Amino acid sequence: MLQEIDIKSLKGKSKVVRLKIKPDSERLPIKKPNWIRIKHVASQKVEQLKKTLRSQKLFTVCEEAQCPNLSECFNHGAATFMIMGQICTRRCPFCDVAHGKPKALDVDEPKHLANTIKKMQLKYVVITSVDRDDLRDGGAQHFKTCIDNIRLSTPKVKIEILTPDFRGRIDKVLEVFKSCSPNVFNHNLETVPSLYQKVRPGANYNYSLRLLKAFKQQHPFVITKSGLMLGVGESEKQVINVLKDLRKHNVDMLTLGQYLQPSKHHLAVEAYIHPNQFDKYKKIALKLGFSQVASGPMVRSSYHADLQIKGELIS
């Protein structure tokens, strides 16, 4: 219980207090339109999955970031595992993951993760992490160790990794993954470049693009993927320019979803994007050459990732 209280104290107001561009906690939120549908499904299966994760000292980004699709995914036995702890070294104001000084890496985590995936009989897994700017390789080696353990335990499972930007350590990342690769390498740009200081402080738009391209050059047969959250102040032209940049950097798959504010202390929603606009972006993206596009208000980067890779309709 103490751990839970500590984690909560590192979220919300305390997380964003030192940001140069602070969210306005007194601002009245925009009313949610009827197309924003959050499914709350309470079931024994959801509780059992949570119990399994806690027993192995594992966490999911679904829980830590308050994903609106948590109940639906958990009820179907799907989860995006979050490695390297619950505490992030960044203060992104859109995200509800805690900020602070992280603990040392759990050397048993890769083994626990592999055992859990085998126990759950998963065929497709997504692994993400907090930012670990305190580590020399940003946590790349830990990602690799997790992949190696999963491959040994469940050889046929497909693995997607949703990575941080590793703080500009491209050479270290490429060296670590030289002899080991996931099925999908996912790194989200999150927003348009002009909004980075407000939305994604500490990150660099061009570096993220270079990371995606460099990984694709090293592993041409690995699918590369990226995503944006919309409704934080971007224009249609800016979004289309980002899509063009992603294609220029050989990114294969795309996800587009609506940003939802986790609390009044987080970044405010500037607009709720109509489903028709998401459909328009999808058509444009496919014309630009993306192999698969998931675009809709409730789409998230790892939401039904196994279906996304098959090109099945996600909205």
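For all residues, glycine too, the Cβ spot is worked out from N, Cα and C.
The following features are taken from Swiss-Prot:
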BINDING   Cys62, Cys67, Cys73, Ser302  [4Fe-4S] cluster 1 binding site
DOMAIN    74-291  domain 'Radical SAM core'
BINDING   Cys88, Cys92, Cys95  [4Fe-4S] cluster 2 binding site
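One way to see the shell of the [4Fe-4S] cluster 2 site is to take the Cβ centroid of Cys88, Cys92, Cys95; the remaining same-chain residues with a Cβ within 8 Å of it are Lys15, Arg90, Arg91, Phe94, Asp96, Val97, His99, Val130, Asp131. Shown are the binding-site residues Cys88, Cys92, Cys95; of these, the residue with the fewest other Cβ atoms within 10 Å is Cys92. For the pair formed by Cys88 ([4Fe-4S] cluster 2 binding site) and Ser302 ([4Fe-4S] cluster 1 binding site), distance between Cα atoms is given as 19 Å, rounded to the nearest Å. For the pair Ser302 ([4Fe-4S] cluster 1 binding site) and Cys95 ([4Fe-4S] cluster 2 binding site), the C-alpha distance works out to 15 angstrom. A coil conformation is recorded for Cys92 ([4Fe-4S] cluster 2 binding site) in the three-state DSSP classification, outside any helix or strand.
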